[in-house]
Amino acid sequence: MRATFHLFTFIFLLLFSSVICISTPGFRNDHESIGDDEEKTSSTILVSTIDGRLRALDSETGEIKWTLQEEPVLRSPSAVKQGFTFLPNPLDGSLYVLKNSSLKKLPFNIPQLVHASPCKGNDGILYAGSKKDVWFGIDPKTGLKVETLSSASADRICPANQKQTIFLGRTEYRVSMFDEKNRGKTWNATFNDYSAHLLPEVNTWPFKHYASSSHGYILTFDRETGEMRWEQDLKQPVVALYLLRDDGLHKLPFEVMGKETMENVAKNIFTVDQWPTVLGVNAADPQTTSLTNQFFPALFVGESSFGLYAIEALVDHQTITYSPKLLGPPLLEGPAPIALTEMEKEEYLPPRRPIIRNIPPSITHKTSDGEYLLLGYHDRPMMTMATIIPTRYPVPGPHKAIGSTIERPPPQLLGPVEPQKHEDTSFILLLLNNHPIPFYATLVTMFALLLTVIWQCGRQWDQQKSTSRMDSFEIVNNPGESRSAQTSKQSNRGSFGWANRKIEIPEGWMAVGSKLMYSPSDILGTGCEGTVVYRGTFDGREVAVKRVVSEFVKFAHREADLLRESDTHPHVIRYFCMESDSQFRYLALELCIASLNDYVEQKEVQQNVTIALRDIMKQATDGLAHLHASKIVHRDMKPQNVLITMASQRGEMRAVISDFGLCKRVQPGKNSISRGIASGLAGTDGWIAPEVLISASTSYPVDIFSLGCIFYYVLTSGTHPFGKSLHRQANIVNGEYTLNKLADLDDWSLADDLISSMLNVEPLHRLTADAVLNHPFFWTSEKRLAYFSDVSDRVEKEEDNSPVVRRIETDARIVVCGGWREKICDALKEDLRKFRTYKSFSVRDLLRAMRNKKHHYRELPEDVRQSLGDIPDQFLHYFTSRFPRLLLHVYKATEYCSGEAVFKRYYSDDVRARMYPIVEEEERVRKKIKEEMANEVWARAPKPVEQRTPLKLDKRNIKKKSNPNTD
């Protein structure tokens, strides 16, 4: 109760002193006549973002009052040119140059270049610039632009209220750079800046602002209490903060931080012990903070809709920064390190941060010469020693006579010089000079009230702070730390989506969302457009975390959507979840032991893989067939995208299709994908089907072509059917390939036929995925023997001139190698003579012999069984090794019977659809021939003799005719 009483007393006295101060003469400005009902401009801050928007925010709540759209603060190229790439800073116009994939800071900024232009650098670069100033008046309540003043013209949109209109000055700087030796190298940029009064000291503003380097997040804290006052998301990077006053803009200080660093700050803002040391608020000397011990300066390289840019930002030790490659050993020996104990290192030295030095994981922009630019956080670059020499000199004054000698000053070098120190004009001194009486009255009243209230309310105040403190999402870096020390109340605040749960993150790992984390140092693979795959965990399960640059978020979402629909199949990689942060999208996928490329190239991988090579090929085809049945075209089939999973509890491994980033869905009612701007050329050189390059549309056969290349690559231990990589794509377009290395395989004829059908130049003549699965190359020994028996039964009673027999007996001498009796062993040859006669040149008789010996295998003599071997593998190998073309020949011949019930399991639907009109036509012709032959036989047959009956004469009529006069 006493604390409450004193609190009310404090508020009453504070209001009383404020009334006295306001009523004091001289407190109000002479020109101020705005009523009490109108909103004061001093409570409004303007936030400028890179897209050119000026947003008026309430300084107490962060609520957006109005928005004014202007030209973008920065416009710069998005392309990277070899040795001629510059990155401007939208905060102050400073410049960074990219050379040899390394960033350096130039000692001058865009405004300085414009003031010095035209000028020339010592590196042969020519600079030209221009400057345009403009004033525009706005209504501070609505943000409406009411008047524009410039040297060219003056436009008034509506009648200006001189009492309320505030004029803002804006300067547009345009700079162009040209290579003296190469006119093709040019660079242009436009930088807009607002004229503003500088606040004299940082501690005069009661708030401390933090802005994200890549997004428009703003966090605002009370400088004294450390309480977070408000947060706002403006969607675009913040470049400047201003206090809107009657006399114009007053620039406000703010810190730029990395997005992840701001998230870490949000996790600790209510921790009493860490808060003052982290941000330096509520400290004895606010100017002297411990930011240098907790955060590290870095350079953020980003890309907006208006071009590339670079902003210096503070990051913590968990943020990965890129460091330029070391080009060589140091020429001079460096100083000896200072010997420090481990305790001294922990106290005085900042923690080590992970730095990527050798492998650029996300090459976002790359030139043909190999120079690349990485988007993300870089070590703060060193300043170059580049200088520029102005070419303009002062014009002589009027007192100089014509023809007199003009003393020209030497050219000034604009380069890395010592920065000038400006005397700070304190904001408190401004108040003291302009309004001394209310200032002193307020100061004395506040001091007295603080002394009388703080000592009585100290304990209650501490308790109130402790009970109102909320802990956000907790990250435990040390799993061994006691649980009781880590337990705290959790909060739902924080605009970064921290979940109310606790996860343990191993040292060096990073968390994304509430369940997903990964190890940045454990890279499993890299892909195009900056894609990197890390080892990670999802909800305790080991997974592969695929990180995609946010610029390609469309592809990441499409990949996730397609995986959700297709990952139920055992041979499509499993998808778990997708998370995101400021720069990347993260996909949690099934963790695999190796890719098919690793299996072929690395022998140690083959030793750890228990699945057979032919099973890998068949399972990959099965996964692709599932995609095609789901109307999905993969478009990037290659050995790197066929993965082998970890062994299951039963020790089984699987082959799965992965990387759905380039997949496209065939729209309903269509059979192909048009090659427009959205589709583009998809795939990897050397594995792209020819129609992708020369046709306006593509479809499922593009995957079959790539799969055929993969089959040959796997069966030949790393050889490509279209030759070396240099001429590979040209050979693909021309249809020039060789399969000669398949001759070393036992099933060389089957492999040759399968791959040749998959690599056909005509897409419509290639096999479908189902036809590939039904090809005899993938049949087991049991299925092959059963097929031979079914064919023998089918043609046993057929006539010699029947269509199927004629097909089987075509080129029979080649199939049976001149005579199959000469190729079998003597024991089997002798046994065959005992029962019936076999024709040595007949494929049908060879199939009959195989069928009979299989059915009567146990009745065969011992020597014959030993020669044939066990059923099915050795028995089948006995015949196929002697007649390697037999299975393929019979398979092609009996396509005629693919529609019959017995043979449906051996052929795919597309084979039956292809053979149906052929069979129908053949049967129609045979039926017609039979009818014609029957008619011809009937016509040639002898006719039976016609039996005629003799005529019977009427004797009575004869008599009458012979005796007419009888009467």
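Each residue, glycine too, has its Cβ placed from N, Cα and C.
In Swiss-Prot, the ATP site is described by Leu524, Gly525, Thr526, Gly527, Cys528, Glu529, Gly530, Thr531, Val532, and among Lys546, Lys554 the residue recorded at this site is Lys546. Reported as a whole number, the C-alpha separation between Ser672 (phosphoserine) and Leu524 (ATP binding site) equals 34 Å. It is Val532 that, of the binding-site residues Leu524, Cys528, Val532, has its Cβ surrounded by the most other Cβ atoms within 10 Å. Considering only the recorded positions Thr526, Ser672, the Cβ with the fewest other Cβ atoms within 10 Å is that of Thr526.
Within 10 Å of the C-beta of Gly530 (ATP binding site) we count 25 further C-beta atoms, all protein chains included. Averaged over the domain 'KEN' (781-909), the predicted model reaches a pLDDT of 88. Helix, strand and coil counts from DSSP across the domain 'KEN' (781-909) read 83 helix, 0 strand, 46 coil.
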